[in-house]
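Asks: Okay, so TrEMBL annotates it like this:
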type	residues	note
DOMAIN	5-97	domain 'Pyrroline-5-carboxylate reductase catalytic N-terminal'
BINDING	9, 10, 11, 12, 13, 14, 70, 71, 72, 73	NADP(+) binding site
DOMAIN	162-269	domain 'Pyrroline-5-carboxylate reductase dimerisation'
Ligand SMILES: NC(=O)C1=CN([C@@H]2O[C@H](COP(=O)(O)OP(=O)(O)OC[C@H]3O[C@@H](n4cnc5c(N)ncnc54)[C@H](O)[C@@H]3O)[C@@H](O)[C@H]2O)C=CC1
Ligand SMILES: O=C(O)[C@@H]1CCC=N1
């Protein structure tokens, strides 16, 4: 698998995260080719990763065993409908919302295997998690290639049905942003409480990192995050005062609404793009 030729169409945030993960896992950068229309971004990709870059998709598809279109969902139809894909390759979709049936329609009668996935940006550091789905027509070898590309950048979870990708999008695809927002808020309040900006920022980010490491350790040792939270919360203490406020202000309901909005948006995106094309 380390010798697989992998083509990315689009070299933006998510492509860079997956490429970073692959290279960190030892994949030869010369066996990764990226098509990216933006010249400054091409220079950055070359300098950062040592991968082959081109300005056009057709220039990166030669001998590709895996093709990852990493453009915005709204650009996907134009990009895919103009492509001649190598026969037998695996197309790994990372696009939010777009259903396999729509992708298949856009690709016409291309003789390829389709895998729909939802990764996340911590892939850049090998700390990603992705949900993957393929239908019964996709053989094990093709699934293994998709697992290799996303697994190089973190953990892979295969799903039972395609609709579950929407839930994955709401939890882990968009999820890093929720934690970043909380960290931003904590940093701002730290300043309001009298800390220097740089100190508030370091405290908030390092707390996020420390809590994430404890949660990871808990996952391995089967200590639930609710238990970890309880361990911080002394009876009658400061954490209890803060958590009581978060709970009574409806934090769980806010997350419920926010994550349902993400899942709904995924469905809407898919439906509107399917209708337009
Ligand atoms: N950013 C994230 O956290 C995640 C994004 N995704 C999915 O990844 C895909 C890409 O998203 P981002 O990387 O965030 O977007 P982005 O905007 O950072 O990257 C898109 C890249 O595609 C390039 N591009 C535009 N037209 C092109 C064309 N015709 N041919 C080749 N390249 C072209 C752009 O110049 C840009 O560099 C989307 O479909 C999104 O749903 C999935 C999971 C997480
Ligand atoms: O915001 C988005 O649409 C993409 C998909 C998941 C994370 N970013």
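Glycine too: its Cβ is placed from the backbone N, Cα and C atoms.
Automatic prediction, not curation, is the source of TrEMBL annotations.
Quick one: where do these features end up spatially?
Replies: For the domain 'Pyrroline-5-carboxylate reductase catalytic N-terminal' (5-97), the number of residues in each DSSP class (helix H, G, I; strand E, B; coil) is 38 helix, 19 strand, 36 coil.
Under a cutoff of 8 A between CB atoms, and with a sequence separation of 6+ in the same chain, the neighbours of residue 11 (NADP(+) binding site) are 19, 34, 35, 36, 38, 41, 42, 45, 53, 70.
Averaged over the domain 'Pyrroline-5-carboxylate reductase dimerisation' (162-269), the predicted model reaches a pLDDT of 98.
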